[in-house]
Amino acid sequence: MERSRSKRNYHYDQDYDGDSMPRSKPRYNNNYHFGGGGGGNNRYRGGGGGGGGNGRPSKSHPETMATTTYRILCHDAKAGGVIGKSGTIIKSIRQHTGAWINVHELVPGDAERIIEISDNRRRDPDGRMPSFSPAQEALFSVHDRILESEAQFGYGGPPPEEEEDYGGVRPGGGRVVTRLVVSRMHVGCLLGKGGKIIEQMRIETKTHIRILPRESNLPRCVSLSEEIVQIVGELNAVKNALAIVSSRLRESQHRDRSNFQGRSHSPERSFAAAGDDYMPQLRRQSSDRFPRGNFRNNNFSSRQSNYAEEAPAVPVGENVYSEELVFQILCPADKIVRVVGESQGIIDLLQNEIGVDVRVSDPVAGSDEQIITISSEEAPDDPFFPAQEALLHIQTQIIDLIPDKDNLITTRLLVPSRDSICLEGKAGSVSEISRLTGTSVQILAREEIPRCASINDVVIQITGEIRAAREALVELTLLLRSHMFKELSQKETPPASTSTTGPLEGVAGVMEVASSNNTIQSREGPTSSNLNLQQVSTILPQFKEGFGSVAKAGESEHREEVPVTTSRMAVPLVTRSTLEVVLPEAVVPKLVTKSRNKLAQISEWSGASVTIVEDRPEETQNIIRISGTPEQAERAQSLLQGFILSIQEDGP
């Protein structure tokens, strides 16, 4: 089988003056005028961008520069046609356009590579983005090479019936398939409110443009915070559509700066400073680690498409609903004007362009922070996430103004205690998000919560370099959104009947549970027993086979009926929980013998007591005892699991 001609990363860039480029105008006709939500009425000339990647910084003053980035998928067998012998073709494209081009390595298990294209251009004197983009010109050239590589080189690619999945010209049909990787926060500019923009682009270009659903077999190189935009149609029509899509993406990528003229700081320079190898590594890790279903919606069909190939819309009669999602972010009181001020604020952007409601709490004596509340009407199958985009804009406003000496920034979200449980499980624990993004993500202790916050809230604090912190915020909000809709769905679904064995089905062979003899039975009788099993089972299935097992789950309980202020059903209150976790033999040398201090860290972060069981000479297994309130015990177990996962994934 013929393989790609090269497996190396190709990086081509050079310092160039953004005002003296080899080409003076774009090749494709991309003057298009679109109205509708997500972008307003804008005329695009040249330019493109928004894939979410690394732009090479120019030596010019960063405050006057605008970075544009694209990411296009190329089948591995066609990569040689883009690179050329010894990189001659890609070098020629770079020299002709002045853009930086990076052909990513092939991720194991993928059939496609990402080709990343970036540029840095000086802004116009009034702060507007440049009218011409070298990155867009290079995108067109790379796209041409992808389409031409089959005829020029030949390759042992996929069969004709699978050709659409990889991009290129479908044999005999003349249909072209092109796929761009786009940051989730920029997808909204292509969809518009109610899908109006994407439908208008389809009609205008006579192509089929769609956001691929997550149930598709997407490449592993595409992270959870990215989507694939696929364009299908005749050759010239697809080129036309690519010009329009890339122009809208570029406008979205630079919307922050175009709305904040006169600002002295920009997140772009911090993104560039974060390192060029960070994001590709993060994509591979997050694709491998997080189950997609916990973060992503599974239906991205347009609600207005007449195309036969569009993902099927929800049938009439199903319960299609939208709910108000609410997020809260803490803002330093002296910086609140940067968000809501008439001259410097971004309220108009948030309310009119993104479509969210924004409320700011009154100052509270003794607190140097105020709460900004973001709310938006969203549906579970809506790929556009307005509340998340609004949070990212607010994060940019705050962090650009108060970076510390180490170039680290801090973002603090307020989350209701009842929702914070989704951040403590295997699939989305703060420790896993922290590990994957390179940030510190913590649930702060009760005494660290500011006075302006409710006693029923917890503070999730993200600390790290700006680009990593934004990625962590994306992953965190995706998880919270998924949990919120799950909660809403469960409220409308009748509760399933419970039994003493039901909650533990599916984990046999992985977990071993036994109630200790000192459990105090309450007046609820069998109901209390069921509650114990259910409570434990919310934690137990999160361990993978071989990662560890719970030997005993004993609870010293004092139960009483307590009034419930929400619509949830009243349940007995469990005040103390004790778990004993059997450690796999393979992780003991690293977790216990070599790194005993990790247990102290888990104890400190969770508030639970985490100790090694040493008072049983006859015991041959390695057991960790966790004791504390149910919340503390669950948090400690999640942290312990995170350490075990990281140790096993690192290998021997």
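Cβ atoms here come from the backbone N, Cα and C positions, even for glycine.
Feature annotation from Swiss-Prot assigns region 'Disordered' to 1-63 (among others).
Among the features that Swiss-Prot reports, compositional bias 'Basic and acidic residues' is placed at 1-14.
What Swiss-Prot lists as compositional bias 'Gly residues' is 34-55.
Taken from Swiss-Prot, the feature domain 'KH 1' applies to 67-139.
Under the heading domain 'KH 2', Swiss-Prot lists 175-245, citing sequence analysis as support. Across the domain 'KH 2' (175-245), DSSP helix (H, G, I), strand (E, B) and coil residues number 32 helix, 22 strand, 17 coil.
Taken from Swiss-Prot, the feature region 'Disordered' applies to 253-307 (among others).
Annotation source Swiss-Prot lists compositional bias 'Low complexity' at 292-306.
The predicted model assigns the domain 'KH 3' (324-391) a mean pLDDT of 84. The domain 'KH 3' annotation in Swiss-Prot covers 324-391.
Taken from Swiss-Prot, the feature domain 'KH 4' applies to 408-476.
Annotation source Swiss-Prot lists domain 'KH 5' at 576-640, citing sequence analysis.
Taken residue by residue, the domain 'KH 4' (408-476) breaks down under DSSP into 26 helix, 20 strand, 23 coil.
When DSSP labels each residue, the domain 'KH 3' (324-391) comes out as 21 helix, 23 strand, 24 coil, counted as helix, strand and coil in that order.
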